[in-house]
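Trainee: One structure, as structure tokens, below. Some questions next.
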Amino acid sequence: MTSSSLKYSKDNTDKRLDYNSLRQLKEEAYKNLKKRVLKDDAIGINENGTFYLKGDYYEKQLRIALRNCGIIDPGNIEDSIATDGYKALADLLENNVSGQQIVDDMTRANLRGRGGAGFNAGRKWAEALSHEAPHKYIVCNADEGDPGAFMDRSILELDPHSVLEGMAIAGYAIGADKGFIYVRAEYPLAVRNLKIAINQAMEKGLLGDNILGSNFSFSIELRLGAGAFVCGEATALIESIEGHRGMPRNKIFRTAHKGLFQMPTVLNNVETLANVHMIMLNGVDWFRSIGTKDSPGTKVFSVVGKVLNAGLVEVPMGTPLTSIIYDISGGIKNNKKLKAVQTGGPSGGCIPASLVESTTVDFECLESLGSIMGSGGMVVMDEDDCMVDIARFFMEFTVEESCGKCTPCRVGNKRILETLDRITQGQGSEKDLPYLKELSEVIRDTSLCGLGQAATNPVLSTLRYFENEYISHVKNKRCMAKVCRNLLIYFVGEGCIGCGLCKINCPVKCIEGERKIRHIIDPEKCIKCGTCMEKCPVHAITLS
Amino acid sequence: MIDFTINGIEASVEEGTTILDAAKKYNIHIPTLCHLKLHDLNVENASASCRVCMVEEEGKNKMIAACSTRVKKGMRIRTDSIRAIRTRRMMIELLLSDHPKDCLICPKNGKCELQNLAADAGIRSLRCEGERRVCTIDDDSFSIIRDMNKCILCKRCETMCNEVQTVGVLTDVGRGFHTVVGTVFDRPMHSTTCTFCGQCIAVCPTGALTEVDNTADVWDAISSDKTVIVQTAPAVRVALGEEFGMEPGTVVTGKMVTALKNMGFDYVYDTNFAADVTIVEEASEFADRFKNGGRLPILTSCCPSWIKFVEHNFKELIDIPSSCKSPHEMFGSLAKSYLAEKLGKKPEDIVVVSVMPCVAKKYEAQRPELGNSGNSDVDIVISTRELARMIVDSTQDFVNLPDSSFDRFMGQSTGAGTIFGSTGGVAEATLRTAYEFLTGEELKEVNFTALRGFEKIKETTVNIGGTQINVAVASGLGNARKLLNDVRDGIKQYHIIEIMACPGGCIDGGGQPYMHGNTEILTKRMNSIYNIDNKKHIRQSHKNPEVLQLYNEYLGEFYGEKAHKLLHTHFYADRSEI
């Protein structure tokens, strides 16, 4: 045992790369990858030798953060090296580029935080660099919690090394020696692939002590989130890593000044870190040439809902919303009409169809419409969606996920949800609407953390753009989209053949009628379960 | 200095000042609820969770929490804008919407900060009624009742329990709307490591944490055929007056005795007498350990909360505390033996009631080993607050009551017994006696001022017969933990250590009148304690004539066999629950 473990450790040391052997390995690995890719119909090769995913859906996108997803084998570090993985880090180390230089470049690149807040990542790095401290930390926020969002998940599962390299570069720039990836435990494949990737990078000397033979040492550990949405909030995430209950801190200091264990901490999102490699390799000017002046680069969206092709879409910032929905995602399913697009996850806002035409996806435009970029969730809704119910649905999520610390988020959001519940059940009154608006605004303006501050966005934006739907719910007790069950009336039409199937199956016996004569539903007793409609053989029962 | 404006006033404060403190300087009162700053004790709860103190910064969308935001240069703050007023009202309405409205029968009625806030804001109706959290009330312990239906999650109790006391029993449990302050696995307090110090009660703004009310038991005893004896702790007399609107620190000993006699107690005695007995025993024990190579340091044992803390957290040091019972337990033991003989009563026909600044004493009285032949030393414990309620119940105009004196045999006390009420007092009293016991010489200077005051850990060295005796005093269990860690790890060596669980000692006990964050009250109580001491002719416990009479007539030797049986106890490293 002793001799074999010794041998293993010797082998282990032998695998550590230096600058030259990394370059050699790249050549070799590239050949292997190319050989495999040539056999794969789904992957094409560009003139410059890089690879791309074939097909309209992918070719209409600009995939920078997702560059390797679906192309390389995430379980094999050599695939990553073949596509220039760790080259950016190696170049910086080999050329002794100063931390200040990297931070300046990053600041100029204006890579805005892809987690939602949109803060210039370089400025965070610069602040962390400016503070002297015995330890500094890089934390990767991989606690992607928005329902229906899977941008970060795809990067972690399919290209984990891009995140590791981004963290190492950030660590080198600010003088950190330790990184944490806070990843939600509900992503088991991401966790597995990250573990494999970290081990392989350690083995190759691309992480750990004296990376590539330089003086720079940087190690990364995983921390698994236990399923709290609020832990995606920076300070709650830090509390959680420290072993406390994940609740946001009262922000007296920026995390870049006093963050994890009260040390300067750079906390970046997965997608943000996946961009770092490309900025370092291709330069700031290249990055700034993509996207808009104030929002450079690309953004990954997870487009879901009533579109034909749901999936991840990466496009330059400033791309028209219509081009994402129609050109790339194939338009609305079943030839229905677009009603609204909700961006930014559960705390985003709903943009009505009338404004979708003129909307571009960048921080400024989305905010001006009362929505947010968020981490890139995009839910497309059609005429069958009730906007009051949509607002209720998202509030249900934030109420469930509130940490319970501050009053507006803990109690206020609950009261909003209760009011929306009443409205969708036909018990609302006109007085509810100004109250909803005032309370939503107070919650937005007074909550302790981002979760509470953005929680009422779905309510405020639907009140702003779809007030008529609210009014019809509270005044006429009607749901135009026919979603709110309690507001529906089941009606037996002239087509009824009097077969009695509806009457037999009705669980509350509210249908009457003689055989072969048109039946009648008592709307007072009806519980709107829909069984009669389902059972009617001639589709004579309709909703009104 | 930082220049800014507040409500249009040009203002300037030192860097690092919060908006809340800055506003006070300009006579602007911003309402708060969760925020608590106990200056003298260096305690702050700045969770910024209630959001009642929200103010507006002109030109900014987000409102800011005044309690935890520092003033920045050029800020233009409005606390009086319509938006700020409406926002704060909304916040109070939200809190009330998740709060029972049974204020009339709440133990905190009239003393509740939430009630006052609602009254000040003039809330007349709630627009936002809805579901309320429903929690089971934990009234299983002898000291503390937890009614989490009334909790507003201000986290003051958590700050006290976790950060100040390092007991770590209370934490947030559950999430979102259903978050409550709870215990591990939702256990009742008595099966946790809670020490019943009651500091959570002392800071709770609402009726979520209150003491167990034993006043009915006292009325029952008084109306029975039994002889009911009451004793009052040193810290009660300097705080009781506050409950009747008197200036904090007013010494109301005489009125208190009158009130107790009027209420129907058969005999009214002073725990200070028993404190003198404690000192005689403890100083003797110290002298014994010191001369005969016993284990040192000796730790004071008069604080039951502290003893429970040791039992849970420092099992390896369980033989260090003095084996002396706490003063009120000594009193109870003597009342049912020595006094019973004097009065010609059987012990079982005597009921001993303790009036204490403390809620841990309620639990302590139930410890099974504290009694003799089936009779508990102390039968009922009430807090200062409960006594005040009983005085009101018995229709007495307390402020205008004449003075009376404690009864004979166990009513006389020295200055040394008095200072038990403040942190450092027990150590000082021990030194006053131990010095003379060990050297046989008269102690010229009885004031050991280095041991007084609210500093977290106080140390002094006293030369006793050529030996440097190191004394340390800590108040607050967090400070005690630090001190004991150092002792356990051999970093510090002491001969005598005094520890009180409550920061500042018994004057800040969990059963004292609420201070609502005003620590000046504490300073006044402490000053009064030392004033009483200064005015006493006899300031050393072993010179108390009634104490000497007790030993001559009944106990025999100091620290002797009979004294051991009646006045000493033992501790349990494996105590699971009471």
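A Cβ is built for glycine as well, from the same backbone N, Cα and C atoms used for every other residue.
Straight from TrEMBL, here's the annotation block:
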type   : residues  : note
DOMAIN : B:1-83    : domain '2Fe-2S ferredoxin-type'
DOMAIN : B:83-122  : domain '4Fe-4S His(Cys)3-ligated-type'
DOMAIN : B:142-172 : domain '4Fe-4S ferredoxin-type'
DOMAIN : B:186-214 : domain '4Fe-4S ferredoxin-type'
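What's the neighbourhood like for these features in this structure?
Mentor: Secondary structure of the domain '2Fe-2S ferredoxin-type' (B:1-83), assigned with DSSP and counted as helix (H, G, I), strand (E, B) and coil, comes to 12 helix, 27 strand, 44 coil.
A Cβ distance under 8 Å defines the sequence-distant neighbours of the domain '4Fe-4S His(Cys)3-ligated-type' (B:83-122), meaning residues of its chain 6+ beyond its ends; these are 31, 33, 50-56, 63, 128-130, 132-133, 145, 149-150, 152, 177, 204-207, 210, 213, 514, 516.
Taken as a whole, the domain '4Fe-4S ferredoxin-type' (B:142-172) shows an average pLDDT of 95 in this prediction.
Sorting the domain '4Fe-4S ferredoxin-type' (B:186-214) by DSSP state (H, G, I as helix; E, B as strand; all else coil) yields 9 helix, 3 strand, 17 coil.
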Trainee: At a C-beta cut-off of under 8 Å, are there same-chain residues at least 6 beyond the domain '4Fe-4S ferredoxin-type' (B:186-214) that contact it? List them, or none.
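Mentor: Those are 33-34, 36, 45, 99, 106-109, 112-115, 138-152, 154, 156-157, 159-161, 164-165, 167-170, 173, 304-306, 308-309, 312-313, 358-360, 362-363, 380-383, 385-386, 477, 501-503, 508-512, 514-515, 576-578, in sequence order.
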Trainee: Tally of helix, strand and coil residues over the domain '4Fe-4S ferredoxin-type' (B:142-172) according to DSSP?
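Mentor: Each residue of the domain '4Fe-4S ferredoxin-type' (B:142-172) counted once, the result is 12 helix, 5 strand, 14 coil.
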